[in-house]
Amino acid sequence: MYIDIRILDTRLNDDLPSYATPGSAGLDLRASLQEPLTLAPGAPATLVGTGIAIYLRDPGYAALVLPRSGLGHKKGLVLGNLVGLIDSDYQGELMVSAWNRGHDTIVIEPLERIAQLVIVPVVQARFNIVEQFEASARGTGGYGSTGTR
Ligand SMILES: O=c1ccn([C@H]2C[C@H](O)[C@@H](COP(=O)(O)OP(=O)(O)OP(=O)(O)O)O2)c(=O)[nH]1
Ligand SMILES: [Mg+2]
């Protein structure tokens, strides 16, 4: 599929988000910074621009901003909102809430790939109000009701 994109940071003209391998699900997002950004451990998250804006247009799609597993697992660079949800009608700059959940200072360099964007299909539901649900195998069981083995 094709998505409209605006390049807000001209340094990204030849460096648009791309799939690293044919099977990649995520498009890496770069930090549109003018200078390195230092994130102290446990400090409140900092909003970092990505230098691009996308317009999905079709309400049957959304995009998710997710941590990169290497940075998240090894350095503790994750997202202040845990997961970012990009609505199909959002036209502003894609932002990354950068949060250092680790114990060491993290320095994000300009144009470093800090997070990834995954385009996903979405179903917009409507509600059908009922008094009782038709019985299901699970019923109201949850929170470990099926055991662990
Ligand atoms: O990590 C993120 C999360 C959100 N957004 C943008 C796109 C999204 O469509 C918009 C609104 O996000 P969301 O609906 O999650 O936030 P909200 O707090 O509900 O704001 P709003 O009232 O604007 O919907 O902010 C980002 O750029 N990055
Ligand atoms: Mg919202």
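Note: Cβ is positioned from N, Cα and C throughout, glycine not excepted.
Here TrEMBL flags 15-147 as domain 'dUTPase-like'. Taken from TrEMBL, the feature substrate binding site applies to Arg68, Ser69, Gly70, Asn81, Leu85, Ile86, Asp87.
The Cβ of Leu85 has fewer other Cβ atoms within 10 Å than any other of the binding-site residues Leu85, Ile86.
When the binding-site residues Ser69, Gly70, Leu85, Ile86, Asp87 are checked against ligand 1, Leu85, Ile86, Asp87 have a Cβ within less than 6 Å of one of its atoms.
DSSP assigns Asn81 (substrate binding site) to coil in the three-state reduction, outside any helix or strand. Of all Cα pairs drawn from Arg68, Ser69, Gly70, Asn81, Leu85, Ile86, Asp87, which the record names as binding substrate, the longest spans 26 Å. Non-local contacts of Asp87 (substrate binding site) by the CB criterion (under 8 A, 6+ apart in sequence, same chain) comprise Leu56, Ala62.
Gly70 (substrate binding site): 10 other CB atoms within 10 A of its CB, across all protein chains. Most buried of the binding-site residues Ser69, Asn81, judged by other Cβ atoms within 10 Å, is Asn81. Counted within 10 Å of its Cβ, the other Cβ atoms near Arg68 (substrate binding site) come to 18, all protein chains included.
Model confidence over the domain 'dUTPase-like' (15-147) stands at 96, taken as the mean pLDDT rounded to a whole number.
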